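Here's the structure we're looking at; comments come further down.
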Amino acid sequence: MTGPARPVAAVRSAVAAAVGDLPPGALVLVACSGGPDSLALAAGAAFVAERSARTGSPWRARAVVVDHGLQGGSAHVADEAAAACRGLGLPADVVAVTVDGTGEAAARTARYAALERSADALGASAVLLGHTLDDQAETVLLGLARGSGARALAGMAPARGRFRRPLLGLRRTDTLGACAALGLTPWHDPTNDGTHADAALRSRVRTEVMPVLERVLGPGVAEALARSADQLRADADLLDVLAQDLLASARAADGLDVDVLTAAAPALRTRALRSAAIAAGSPAGALGHAHVQALDALITRWHGQGPVALPGGIAAHRSCGRLALGPAPG
Ligand SMILES: Nc1ncnc2c1ncn2[C@@H]1O[C@H](COP(=O)(O)OP(=O)(O)OP(=O)(O)O)[C@@H](O)[C@H]1O
């Protein structure tokens, strides 16, 4: 298949593959910003759901547009996106959220919470997101530049909980091509052009860094980065399971057994310590490499040092061969 039909067919078959395991009658939400990726996704979902009605295994699709309220006119943009989805045959809701903080991460947290709430309220089995292979490659590059570990370099999973990302194997050129072939006019986020630091950085990776890498290293760099993410995700998933086993065997009534942690491999010990800190109430997003290193020093470089302060008002201290984590004394 060539020409405009190819990206349209690629998006449709990616959607069909992503929802193939859902029971008949399932409701699928499409998270749509109105941008090219999620508009192509909405079009694909509308088509495949319509087609499923003629089979023995029908499912229903509807769209949710989140209005983050971060830019003037955001309600209008959200309404336009919802109207575009309705034009494709999908019932669509706009959900307004309050973003607690600034930056891409705060908006993302509010968005995912709103999508979960919508899915609960509507009884949806799955929520589809429009991330593409290009988004994955950019995530890996940004993670490398920050010195991230395997979990962050593993990028986004094709499915986690109710969220599914059918387009992770497709390129942005496919979603743009699908929109063009279907006569859809996607919205282009103006924050990508420099008004918002996180989005602007990602946009520069997209428009400046990736083309240089492709020119110097040859084509296929984005695919290679996405492949690395897949391999690292499998590794990180295994290490997380093993770290939980370690934590379980180190747990004692009065804290974590330092001898058990000392004997463990660093890759497992540091993961176990990070997980113990999160379980004690330290927010995952604020817990950095330096915090985990300071916790690890209480185990492996012990010289009677004082408690380690962690984000969220949590403290870790070692005494009598035990590591205890809990609220810092006030
Ligand atoms: N305001 C929103 N409302 C609903 N879903 C959203 C919204 N913003 C993002 N999403 C979902 O998250 C996905 C990733 O969004 P992000 O803005 O990071 O990437 P993008 O590549 O610019 O996607 P798009 O082209 O769809 O805007 C989108 O494809 C969409 O599924």
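Easy rule for this one: first residue shown is 1, then count along the chain.
A Cβ is built for glycine as well, from the same backbone N, Cα and C atoms used for every other residue.
Look at TrEMBL and you will find 28-206 tagged as domain 'tRNA(Ile)-lysidine/2-thiocytidine synthase N-terminal'.
Every protein chain considered, the tally of other Cβ atoms within 10 Å of the Cβ of Asp37 (ATP binding site) stands at 26. Taken from TrEMBL, the feature ATP binding site applies to Ser33, Gly34, Gly35, Pro36, Asp37, Ser38.
Here the domain 'tRNA(Ile)-lysidine synthase substrate-binding' (256-323) returns a mean pLDDT of 97 for the predicted model. Taken from TrEMBL, the feature domain 'tRNA(Ile)-lysidine synthase substrate-binding' covers 256-323.
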DSSP residue counts for the domain 'tRNA(Ile)-lysidine synthase substrate-binding' (256-323), split into helix, strand and coil: 35 helix, 13 strand, 20 coil
Lowest local Cβ density among Gly34, Gly35, Pro36, which the record lists as binding-site residues, within 10 Å: Gly35
In sequence order, those binding-site residues of Ser33, Gly34, Gly35, Pro36, Asp37, Ser38 whose CB lies under 6 Å from ligand 1: Ser33, Gly35, Pro36, Asp37, Ser38
Number of other Cβ atoms within 10 Å of the Cβ of Ser38 (ATP binding site) across all protein chains: 26
